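J.: Can you read through this structure? Questions will come right after.
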Amino acid sequence: MSDKSDLKAELERKKQRLAQIREEKKRKEEERKKKEADMQQKKEPVQDDSDLDRKRRETEALLQSIGISPEPPLVPTPMSPSSKSVSTPSDAGSQDSGDLGPLTRTLQWDTDPSVLQLQSDSELGRRLHKLGVSKVTQVDFLPREVVSYSKETQTPLATHQSEEDEEDEEMVEPKIGHDSELENQEKKQETKEAPPRELTEEEKQQILHSEEFLIFFDRTIRVIERALAEDSDIFFDYSGRELEEKDGDVQAGANLSFNRQFYDEHWSKHRVVTCMDWSLQYPELMVASYSNNEDAPHEPDGVALVWNMKFKKTTPEYVFHCQSSVMSVCFARFHPNLVVGGTYSGQIVLWDNRSHRRTPVQRTPLSAAAHTHPVYCVNVVGTQNAHNLITVSTDGKMCSWSLDMLSTPQESMELVYNKSKPVAVTGMAFPTGDVNNFVVGSEEGTVYTACRHGSKAGIGEVFEGHQGPVTGINCHMAVGPIDFSHLFVTSSFDWTVKLWTTKHNKPLYSFEDNADYVYDVMWSPVHPALFACVDGMGRLDLWNLNSDTEVPTASVAIEGASALNRVRWAQGGKEVAVGDSEGRIWIYDVGELAVPHNDEWTRFARTLVEIRANRADSEEEGAVELAA
């Protein structure tokens, strides 16, 4: 109450001070107006006199210009502006004495001051003059232009304020605003409503666990994270001057540059990145699957995290998990909300980001009709109106599923070589635009072609060349004027990457620049001669076959030298993502190296011709050595 009374007292004192200032200002304004009125009255006769003198001088000058010299006694200075007749000094003397002679004359002014008339008094008579004929010369004179710069004739009289008044106003204005603010605060305090009722702990828990609150919180927390984590560089120079000034940088995009890292302290720690995939519908989204965390037995074994490249937040967009390690994962093509995972137990799980649950919305049964071994390959193939989920497990079983029903597979097939040996599949790839034929890599190091339908359904050709298990396989993806869809690359534990064609069962070329297991390989989606591979020493290599086939075109080693398990190109081909054995995902910008020129396809065709010629020469030399 004391604070409120002090506030009111302070307000009253300010109001009194404000009233005093206003009265003082009003009094000064009245005095100023009174002074101006007095000065105006004093200036008026002087102004009239000065105008009359000016007109008189103009008249004299006009008379002199035409040869008339006014007599000195006829140019007396008028005493007042209202006077119509002015007496000469001699006349004044005669008038004082009372003698009114016949020669008395007066200078009389017309209503128009510019016209001068000499008249004699009618009562006193007129002196007789001798008249004669004279020549009259008529001359016209333009009136003199009079320009007045007086404030009185152009703008209203300016009001001059004293410095004291200005200081008073400067002092009053903020006080007025402060007083009004205090009044508003006082009114708000008086009209303040009663505080809302405090909720009980039971009511709070009921709200926190309600489905509506969970959905709202799950949706809005992502928006807030995006806003808080955004740190765009407002000083970025698009002209490239900063890149030119840096020492050691040849050109922007000549080398791999680190963009960002995805890592969650809770869900990524002590887990291995097993698979990654980019979304076709939302290119900024990437999903990654993780193995189990042996240090956290109570946590779910399988985890899939959806990361967002568009926003600079450090947490995943979505967190999904299941009870078995997720060995493979992909976005369901034509279904942007669905994520498919293949688990170590053999189950196929399906997550939906429209559901606020983190567990799968669908899963396949653990039965002989489906998979019972680890599933390392999941892929959605087909078109918008006719597509299927294709999965392959390490026991050689391939299943085709409908995403609407995962209870039973639509069709299944045993991938068996020579009708007796099941193929332990570790990788699968479909050529671009093909949904029937595919290639698979196996644990024995052999590569096979296979077919889903037709008379030759099952395992077809055999490609031998690797000396260890095949860890990665990928078909050529870049679409251009020349079709290279028959090409594919494989990586293996034998420290090599091999280039193959489905038209020949021997490798076209073997890239042997690595000194550790090569865990994955992938073609660029836009450049015909570019592919990326990763190895167990934490090294990412980019090979541009149009530039060199002996050493990588660009290479980078990640911090800590953790083994890199997976590599995936973004859809635009400008970024490449790699996952390591510590649960971290590294994003690198490829830059201009990934942009193909118009002649890249023809150059790559010539490169393939040279590779085939060199392989033929080496085979001939080998045959000669064997014969010798």
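Each Cβ is built from the backbone N, Cα and C atoms, and glycine gets one as well.
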J.: Region 'Interaction with DYNLT1' per Swiss-Prot sits at which of 130-146, 249-265, 402-418, 436-452?
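T.: Of 130-146, 249-265, 402-418, 436-452, Swiss-Prot gives region 'Interaction with DYNLT1' for 130-146.
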J.: Swiss-Prot annotates one residue of Ser114, Ser120, Ser150, Ser618 as phosphoserine; which residue is it?
T.: Ser618
J.: Say a student had to find the phosphothreonine annotation in Swiss-Prot: which of Thr159, Thr191, Thr200 would be the correct pick?
T.: Thr159
J.: According to Swiss-Prot, one residue in Ser87, Ser122, Ser180, Ser355 is annotated as phosphoserine; name it.
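T.: Of the listed residues, Swiss-Prot records phosphoserine for Ser180.
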J.: Where Swiss-Prot marks phosphoserine, which residue is it, choosing among Ser85, Ser94?
T.: Ser94
J.: Out of Ser50, Ser82, report back the residue that Swiss-Prot marks as phosphoserine.
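T.: Matching Ser50, Ser82 against Swiss-Prot annotations yields Ser50.
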J.: Short question: which residues 6 or more past the ends of the repeat 'WD 3' (370-411) have a Cβ under 8 Å from it?
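T.: Those are 327-330, 332-335, 338, 340-348, 350, 362-364, 422-428, 430, 435, 438, 440, 443, 450, 452, in sequence order.
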J.: Taking the Cβ of Ser618 (phosphoserine) as centre, how many other Cβ atoms lie within 10 Å?
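T.: Other Cβ atoms found within 10 Å: 10.
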J.: Please classify the secondary structure at Ser618 (phosphoserine) using three-state DSSP.
T.: helix
